[in-house]
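Colleague: Please read through the structure below; I'll follow up with questions.
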Amino acid sequence: MPSLDELTISTIRGLSVDAVSAANSGHPGAPLGLAPAAHVVWQKMKFNPKDPNWINRDRFVLSNGHACALLYSLLVLYKFELTVDDLKQFRQLGFKTPGHPEATDTAGVEVTTGPLGQGISNAVGIAIAQKQFAATYNKPDITLSDSYVYTFVGDGCLMEGVSSETSSLAGHLQLNNLIAFWDDNRISIDGDTAVSFTENVPDRYRAYGWNVLEVPDANTNIEAIAAAVDEAKKSTDKPTLIRLVTTIGYGSLKQGSHDVHGSPLKPDDIKQLKKSWGFKEDVDFFIPEEVSEYLAKHVSENQKVQKEWEAKLAEYKKKYPTEGAEIQRRLDGKLPEGWKEYLPKYTPADKPLATRKLSENVINALHGKIPEFIGGSADLTGSNLTRAEGSVDFQPPSTGLGNYDGVYIRYGVREHGMGAIMNGIAAFGANYKNYGGTFLNFVSYAAGALRLSALSHHPVIWVATHDSIGLGEDGPTHQPIETLAHFRAIPNLSVWRPADGNEVSAAYAAAIESTSHPSVIALTRQNLPQLEGSSIENALKGGYTLVKKDNPDVIIVSSGSEVSISVAASEELAKQGVKANVVSLPDFFTFDQQSDEYRLSVLPDGVPILSVEVMSTFGWSKYSHEQFGLNRFGASGKAADLYKYFEFTPEGIAERAQKTIKYYEGKQLLSPLDRAF
């Protein structure tokens with residue numbers, strides 16, 4: 001007679017195999033190998049299926065997201081929102097069991113994973129957020145935050161560069177609340193890992209500053225797995241990597257081979273597995289009653305733990321009313337009342353400044369006003385201007401470099417890691433509004449994480465400075481050309497390119513208020529004038545008419561540093577007897593959400609429209625009839641010389657505006673916005 005633990009593990013394996021079989025698609029190998037570890041970890045975790053967002057829950061992150069049949073089986077067994085019927089519809093359209101875990105679809109899924117290496121990196125971000133939240137609000141007599149984050153990672157996750165970036169930082173930051181389980185099954189899609197992955201992973205992680213524990217028989221030895229978890233939780237100054245030596249597809253006729261990784265098992269294989277577990281061979285999605293009762297007991301215990309925590313929170317609010325009210329506000333997802341009053345406002349009389357400097361002004365203005373507004377830079381603090389005056393770094397207290405309640409994170413030269421960590425910080429909850437700085441061109445290093453930000457609805461903020469050839473002498477290796485076109489093509493991503501101080505404040509206002517999409521704020525190195533006609537209110541529409549003439553002959557639509565040049569071009573055209581409106585379009589995403597009536601009032605029928613932006617013209621045809629941009633790489637030189645060389649001058653723009661007018665003269669012209677669908 002198998003023990004309850006053995007029966008539960010077999011049930012997890014059975015549900016996972018049946019889900020993949022029902023879909024005729026998926027990955028049965030990892031769930032078969034990892035089921036024992038999953039059972040042990042979930043029995044040690046504190047969580048409440050009826051309140052899956054409880055802030056002090058332990059988090060489980062499946063970095064090897066292809067093994068999601070395992071996670072879905074656990075969510076069914078512990079009675080989250082998922083049901084057996086959802087499992088039966090694994091990987092089918094319209095159900096909560098997609099082919100890789102999606103946090104927006106499925107309660108109990110902490111982060112969206114699939115691209116390998118992202119999950120462990122998100123877990124580092126969750127651990128950072130927990131540390132920061134705990135250090136900010138825990139008191140000597142009341143501990144409100146003491147949760148752990150557990151993550152399962154495969155060989156592929158550890159091959160990806162992003163996991164190296166974030167694991168290195170996790171070791172430096174001494175994140176002892178992070179426990180990672182490496183599924184060392186020695187198999188990749190190409191076959192045995194001997195063909196490509198032969199480094200000493202435990203030694204690598206020790207060098208990062210991690211504890212490393214090993215379970216050599218993780219297919220069956222749940223006592224050893226449990227002991228390893230207990231040992232990991234004793235750590236006071238290191239994250240822990242637990243090496244689980246497993247067999248992929250354990251028990252299958254094809255165990256230990258890459259054939260069992262990403263294809264359903266054959267019917268005869270499934271039958272022999274079920275027979276070995278003592279299950280009926282012809283019964284699918286079998287859940288023994290005693291397993292349900294066993295797991296329900298753990299849930300009941302956890303619900304008591306949450307009630308005790310809620311009583312502790314109530315006591316905390318009485319003893320520490322200011323902090324208690326702040327915690328409740330954050331848990332409610334609300335920002336501090338009146339925070340937008342601190343946003344800087346500008347007039348044309350104010351001196352020209354680089355928009356990166358104007359961004360710094362916003363960060364300084366909001367420092368201390370929004371406690372959950374935290375951020376950092378990928379080793380470019382002095383260039384990105386992302387550190388508020390008087391802020392404390394997020395660092396282990398033992399280093400003497402800061403404290404865990406610090407609000408500024410030194411990410412090092414780890415752009416991709418920074419992006420994935422930012423996603424984890426957002427996923428933690430507590431209304432974190434976190435930002436990361438680098439050069440715009442190097443946000444491309446983090447494209448994988450940025451795409452997942454948008455897919456996951458994480459309202460993270462990228463402070464992306466040095467946004468064009470205007471950065472000058474560093475040359476085309478650093479000058480973005482295709483970057484904004486790429487980012488604007490990502491669904492659910494707001495890409496701001498503000499033209500002056502009011503537009504910078506608007507970009508931050510929108511980004512901080514967002515609860516469902518990330519933002520990239522592209523900022524200049526060079527100084528720009530404060531514009532007549534700009535305002536936070538106007539910019540919050542994503543696009544607006546900055547220079548308005550009656551019955552214009554042409555409209556020049558632009559963004560960022562080219563807006564002021566376009567205004568000068570309008571003045572040049574006026575000398576030539578041409579009336580030119582100038583439209584500032586700092587964010588396509590926000591502008592597209594405005595009413596048709598408003599958008600057509602800005603970019604109307606009957607007037608030729610010329611777009612001007614000193615980078616790729618790709619995407620501008622949606623808003624203009626003709627496009628003036630830079631569809632080649634830049635060059636090294638002084639910014640002013642580059643703008644002149646590429647003809648991004650008032651005269652160069654005016655010349656192209658005249659050509660646009662001439663080309664469309666006498667032609668019936670609809671707005672580019674005027675479309676069938």
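Including glycine, each Cβ sits where the backbone N, Cα and C put it.
Owing to the predicted nature of the structure, the values given are computational and were not obtained by experimental measurement.
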Colleague: HIS66, GLY114, PRO115, LEU116, ASN185, HIS261, GLU415, PHE442 bind thiamine diphosphate according to Swiss-Prot; which of GLY156, GLY390, GLY470, GLY472 goes with them?
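Modeller: Among the candidates, Swiss-Prot records only GLY156 at this thiamine diphosphate site.
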Colleague: Let me know which member of ASP155, ASP217 Swiss-Prot also records as binding Mg(2+) at the site of ASN185, ILE187.
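Modeller: Only hit among ASP155, ASP217 in Swiss-Prot's Mg(2+) site, alongside ASN185, ILE187: ASP155.
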Colleague: Taking Swiss-Prot at its word that HIS27, HIS261, ARG356, SER383, HIS466, ASP474 bind substrate, choose the one of ARG59, ARG206, ARG414, ARG525 listed for that site.
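Modeller: Site partner of HIS27, HIS261, ARG356, SER383, HIS466, ASP474 for substrate, according to Swiss-Prot: ARG525.
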Colleague: Work out how many Å separate SER383 (substrate binding site) and PHE442 (thiamine diphosphate binding site) at their Cα atoms, rounded off.
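Modeller: Per the Cα atoms, SER383 (substrate binding site) and PHE442 (thiamine diphosphate binding site) stand 13 Å apart.
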Colleague: Far apart in sequence but close in space: which same-chain residues, 6 or more away, have a Cβ under 8 Å from PHE442 (thiamine diphosphate binding site)?
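Modeller: Listed in sequence order: ALA378, GLU415.
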Colleague: Between HIS261 (substrate binding site) and ILE187 (Mg(2+) binding site), find the distance joining the two CA atoms and give it rounded to the nearest Å.
Modeller: 8
Colleague: Tell me whether HIS66 (thiamine diphosphate binding site) sits in a helix, a strand or coil according to DSSP.
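Modeller: Note: HIS66 (thiamine diphosphate binding site) is helical by DSSP.
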Colleague: Tell me, if you would, which residue among HIS27, ARG356, HIS466, ARG525 (binding-site residues) has the fewest other CB atoms within 10 Å in the structure shown?
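Modeller: Sparsest of the binding-site residues HIS27, ARG356, HIS466, ARG525 by Cβ contacts within 10 Å: ARG525.
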Colleague: Run through PRO115, ARG356, HIS466, ASP474 for me and report the binding-site residues whose CA is within 10 Å of the CA of ASP155 (Mg(2+) binding site), in sequence order.
Modeller: none
Colleague: Within a 10 Å radius around the Cβ, which one of these recorded positions has the most neighbouring Cβ atoms: ASP155, GLU415, ASP474?
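Modeller: Output for this query is GLU415.
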Colleague: Determine the Cβ neighbour count for HIS66 (thiamine diphosphate binding site): the number of other Cβ atoms within 10 Å of its Cβ.
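Modeller: There are 23 of them.
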Colleague: What whole-number Å value do you get for the CA-CA distance of ILE187 (Mg(2+) binding site) and ARG525 (substrate binding site)?
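Modeller: Roughly 48 Å, rounded to the nearest whole number.
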